[in-house]
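Enquirer: Sharing a structure here in structure tokens format.
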Amino acid sequence: MTLPLGQSAPFLPPGGSRPATEGRPEDVLVDDVSNAHDMAPAHQDGLLTIGAFAARVRLSPKALRLYDRLGLLAPAYVDEVSGYRYYRAAQAERARLVAQLRLLDMPLARIAEVVGLDGAAAEERLAAYWAEAEARFAAQRTLAAYLRGRLSGKGPGMFGTFVVETVEVPEQVLLTQSRHTLADELPTWIGASLERLEEGAAHCGGVTGASFVVYHSDVSMESDGPAESCVPVADEAAARAWAAGQGRSWRTAVRVEPARGSRTRGSAKRRWRTRRSWGRTRRSRSGSPSGA
């Protein structure tokens, strides 16, 4: 076979022939897997590969695959043959919302609840989570202050945050709930128990004074009290009837607190009132603030 000047014949093995597929336009050789990954399906317009979408929303492809498995953010299209995921630009807003909720340390299961709702319902779910988070932060702040004082050798350093006063207290009918609890659970329990008692006070003639908490023993990370939340109410008989209907789950009770007057520091009748970060009045039976 004679070839034109400057043209060489293709290499063929001895006795070989030209491959049957050579020259067919539909035969494309892809020698780079990443190139294949970036080839969006021809029949879909405006799709982004997972890599391009991840760069746009500043998430990793691994995170996007996880969000897909958990139902947080499903791809717009998944290639049935290759399994490659493709996204639309309009999905970026939801992806960023998921990422921002993660910055609040919200668990993925809770995020799924928020993004599955719209408007006010989603806002309420987020508000509920953040209230729990703030209660946890308050407990951690108290614990950190306690540990700083302990490690510095200065003793319970957080005692310095209390303002101690003596007060005159008249006789009061108290609607109460009590619990053995450690310091890290205390802020959450105080808020929940006082809320229940204040709701119950509406059936007992109403609230007649400031609510407070009595510590019958130290509440710290080593000692669990007990602590007692108290709400003064007007009607003792109604209070006892309401408390009896609460069963034993919250340890609800009614007691009459006798009038107390100012005495010297050593007197058993002296009442100490202190202010804590959660804004409630705090009282201690021992005559001094506890280590809660």
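Heads up, the Cβ atoms here are built off N, Cα and C, so glycines get one too.
The model shown is predicted, which means the values in this text are computed figures rather than measured ones.
Feature list, courtesy of TrEMBL:
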{"type": "REGION", "residues": "1-25", "note": "region 'Disordered'"}
{"type": "DOMAIN", "residues": "47-117", "note": "domain 'HTH merR-type'"}
{"type": "REGION", "residues": "253-292", "note": "region 'Disordered'"}
{"type": "COMPBIAS", "residues": "262-285", "note": "compositional bias 'Basic residues'"}
Enquirer: Can you work out the mean pLDDT of the predicted model over the domain 'HTH merR-type' (47-117)?
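Expert: Averaged over the domain 'HTH merR-type' (47-117), per-residue pLDDT gives 89.
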Enquirer: Within the domain 'HTH merR-type' (47-117), count helix residues (DSSP H, G, I), strand residues (E, B) and coil residues, in that order.
Expert: 40 helix, 9 strand, 22 coil
